[in-house]
Amino acid sequence: MTTETNAKIEFTPERQVLAKEIIARYPEGKQKSALLPLLHLAQEQWGWTSPEVMDYVAGLLSIEPVEVYEVATFYTMFHLDPVGKHVIEYCRTGPCCLMGAEDVYAHLKQKLGIDAGQTTPDGKFTLKEVECLAACGMGPVFQIREQYYMHLTNQRVDEIIEELSK
Amino acid sequence: MGKKILLEHIDVPGIDTYDVYRKQGGYTAVEKALKTMTPDSVVEEVKKAGVRGRGGAGFPMGMKWSFLAKPEGVPRYLVCNADESEPGTFKDHYLMKHIPHLLIEGMIISSFALGANKSFIYVRGELMYVIRILEKAIAEAKAAGFLGKNIMGSGYDLELVVQPGGGAYICGEETALLESLEGKRGNPRNKPPFPAVKGLYQCPTVVNNVESISTTPWIVNNGGDAYAAIGIGRSTGTKLISASGHINKPGVYEIELGVSVEDFIYADEWCGGIRPGHKLKAVVAGGSSVPILPANLILNLANGDKRLMTYESLSDGGFATGTMLGSGGFIVMDETACVVRNTWNFSRFYHHESCGQCSPCREGTGWMEKVLHRIEHGHGSLHDIDLLVDVAKKIEGNTICPLGDAAAWPVGSAIRHFRDEFEWHIKHPVEATQPGAVYRGEMALV
Amino acid sequence: MEDNKPQLVKVTVDGIEVEVEPGTTILQAARKIGPEVAPPAMCYYQPLKGSGGKCRACLVKVAAGSAKDPRPMPKLVASCITPVQDGMVVENTTSPQVLEARKGVVEFLLINHPLDCPVCDQAGECDLQNFAFEHGAAKTRYEEERRTFDKHDLGPYIQLHMTRCILCYRCVFTADQITNKRVHGVMNRGDHAEISTYIEKAIDNDFSGNVIDVCPVGALTDKTYRFKNRVWFSRPVDAHRDCPTCSGNVTLWYRGEEVIRVTARKNEWNEVKEFICNTCRFETKKTSDWVIEGPTKIARSSVITANKYRADTVKPDFVSRIAAANYKPIDDARDTSQLSIQQLPPERFANSN
């Protein structure tokens with residue numbers, strides 16, 4: 001989903017309240033600590049963290065935009081480009097691979113017709129390869145937003161994709 | 001049945017709610033500590049207990065606490081490290097998800113002991129749903145009067161903040177975590193100064209792992225001596241082990257430190273053995289960074305004695321024949337696992353997760369990954385093996401933080417114990433790159 | 001002997017004892033002894049607070065922690081950020097372990113470095129070149145593809161050639177500490193980390209040019225100087241002017257009678273003494289703008305001194321014998337570096353005593 005460039009970048013009223021609450025959690029003068037929580041909040045609203053969104057967050061915290069760019073590009077969770085409606089973040093690390101993850105992901109890619117880092121033409125799914133999601137005993141694992149999907153098999157993948165395609 | 005300290009009530013329905021947790025004796029330790037103990041006496045009990053840091057380093061928690069500087073008029077902080085990202089480790093995830101109040105209770109006790117009035121739980125951002133569970137638990141604890149101002153009339157104030165990470169393994173390193181908590185890139189700091197002197201916001205800070213902090217309610221209730229009575233020698237208490245890989249029952253297990261590795265793998269109480277029809281080839285015993293050991297060395301020490309699940313026994317023999325307990329991420333491989341592929345996979349992980357601050361790690365992790373990728377994909381040459389050993393050696397010990405070591409150890413140990421397998425990949429590139437191809441040469445399977 | 005300085009602590013570096021103030025770093029203590037024992041520094045930069053610890057070039061062995069606790073430190077330590085203790089014994093070039101580690105650091109820094117020294121403006125005054133020459137191995141073992149980045153203009157004066165960068169963070173500290181607004185920083189992480197403004201932005205403030213001076217390699221270059229010169233063809237001259245923005249104390253780099261570059265003055269450790277403004281650096285390049293003080297002191301070992309000491313250059317014996325037999329004065333029309341300072345108009349000399 002792309003952010004309309006002419007739309008004003010601003011949190012929804014509820015998120016504005018939440019943002020204020022978050023900023024107030026930290027000691028006086030340490031408001032920069034709110035940066036990661038606010039970036040998560042922003043990504044929740046806009047789907048990705050565009051430069052305009054990052055500039056907006058910088059403004060909320062009275063820091064330089066570059067300080068936000070530095071942080072957003074360091075951490076892997078922030079999408080720096082527009083993404084599909086469902087971002088499937090699949091774990092590619094050792095323990096999941098021991099459980100046959102590579103075959104499952106090959107199936108997933110084939111099913112969606114895209115590779116890691118790509119978005120389906122209908123804008124519904126984006127695939128993202130990530131490292132260990134701390135669910136190694138339940139691998140293979142992927143995550144869509146806050147939801148973990150564990151013990152993945154080809155069949156389970158089909159079910160999940162069909163469910164989300166509706 | 002071993003003693004359960006953390007997971008005693010794991011099967012009680014609704015244990016994630018305040019009411020059920022309270023009914024099972026929850027928060028009695030907070031009452032005991034705040035009403036009948038001084039901060040110093042809590043520290044004393046934790047010291048007596050001999051709990052060692054459960055995040056991986058194994059540094060005695062009580063000693064870490066006693067290093068905390070206490071200058072007049074400067075706030076002190078407790079930060080809980082819930083950035084669990086070490087491949088093979090998922091115990092903190094499990095603990096926080098199922099018994100969030102145990103961590104909250106531990107945070108209150110630990111913060112009281114350290115004199116912190118604002119404490120943070122830094123949870124990896126991917127676990128946003130766990131963050132919501134913790135936030136709900138905090139609200140419940142606050143409503144019940146265990147958080148906030150003047151807790152139970154003791155005059156002690158505490159506020160807990162749950163902080164999400166943003167996706168970076170390196171933030172599990174305590175100073176990178178503090179940087180991240182300050183809203184910066186997760187670049188580890190140069191030490192000294194250590195966090196105990198200059199930590200969060202340049203104030204004295206203690207950073208402890210989820211599991212470590214969660215031991216404190218039991219220690220306060222039962223005394224440090226009772227805790228120290230569990231386990232063997234300097235490996236006191238219980239440890240959560242995250243078991244994954246080719247075993248019958250992957251999952252999180254609480255063991256008394258001191259059970260044998262063999263029992264842990266084969267007993268029904270724990271991993272339940274290797275999956276049917278397969279044999280044990282190798283184990284990475286403490287999270288991806290610790291040295292991999294072949295079957296015979298993980299089960300037995302070099303002298304033939306049984307290896308035990310303790311800090312000392314697992315590291316017996318140094319890196320020549322031993323490994324480390326680390327974070328307790330116990331990854332089991334049967335004969336279908338390719339050590340070369342797995343080493344490349346881990347190497348790619350460390351390459352991906354290096355913060356890029358210091359040159360040996362930034363450049364060396366990528367170099368190792370590329371060479372391993374070449375070997376795995378049939379383009380290696382024999383001198384690559386020695387090259388890998390040398391590059392790993394040049395990273396190890398020369399970096400700002402332990403990520404360099406963590407990246408070097410899996411490579412060094414895999415070559416140390418499975419050199420034949422690497423050579424086979426290089427000498428038989430066509431065969432080795434067939435889908436599912438695995439070295440079947442001479443090696444001890446159990 | 002004066003013994004009225006009880007606050008000083010004794011440190012031994014490579015067998016040489018030195019007394020320094022408590023809190024001094026190992027590197028500074030070693031520098032006090034002299035360049036022969038001073039560890040190399042690729043990221044540490046004394047004028048910039050918080051710099052150091054990153055490149056690992058200055059790793060040394062602490063053979064004894066202090067007089068009180070003479071145990072050795074378990075790992076090599078970064079000398080630029082490790083404070084000395086009384087009685088500390090440090091091994092720098094006398095430790096094979098240090099030399100081996102340093103060789104590793106050179107190799108790591110070079111595996112993704114383009115090695116385009118023949119066309120790099122920094123060649124001849126490049127810390128990485130010097131470091132590699134002194135501590136590196138003669139050939140590389142790296143067979144993989146090298147990481148590259150596109151070149152970027154950071155405004156009209158500065159070009160960023162990220163492929164050459166060693167991520168010392170000096171330019172970031174500089175922007176933080178001497179300019180009022182930082183617009184560039186380190187993006188991404190690991191070996192994909194890069195100095196960038198993220199979205200195309202010019203670094204636009206009066207002191208931005210200083211990032212060029214602090215850069216240890218040719219990653220940040222002066223666009224008004226790019227490809228105009230090789231540093232050993234030019235002749236540095238200290239000069240000053242009355243500048244409303246900065247101290248106006250600079251080094252002018254002459255090629256013939258033309259000022260082809262203006263930089264801040266640097267100390268013997270290649271560190272800027274006083275940061276200068278962009279007007280002085282980029283827009284004041286006529287000799288008539290400056291009051292000339294005299295030739296800049298350059299270490300004899302530097303390539304910048306090449307051809308500047310014709311008569312009395314000390315050469316190793318075996319070279320000099322061959323050289324003497326074949327010696328011809330350089331007669332290259334392009335090479336005007338032989339012009340002596342006295343050929344400049346006398347009124348440009350401020351202190352001609």
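Every residue gets a Cβ built from N, Cα and C, even glycine.
Marked as [2Fe-2S] cluster binding site by TrEMBL: A:Cys91, A:Cys96, A:Cys132, A:Cys136.
Other Cβ atoms within 10 Å of the Cβ of A:Cys132 ([2Fe-2S] cluster binding site), summed over all protein chains shown, number 29. Within 10 Å of the C-beta of A:Cys96 ([2Fe-2S] cluster binding site) there are 29 other C-beta atoms, taking all protein chains into account. Under a cutoff of 8 A between CB atoms, and with a sequence separation of 6+ in the same chain, the neighbours of A:Cys136 ([2Fe-2S] cluster binding site) are A:Thr93, A:Pro95, A:Cys96.
Annotation for A:Cys91 ([2Fe-2S] cluster binding site): spatial neighbours A:Ala101, A:Val130, A:Glu131, A:Cys132, A:Leu133, A:Ala135, A:Gly139, A:Pro140, A:Val141, A:Phe142, A:Gln143, criterion Cβ-Cβ under 8 Å with sequence separation of six or more.
In the three-state DSSP scheme, A:Cys132 ([2Fe-2S] cluster binding site) falls into the coil class.
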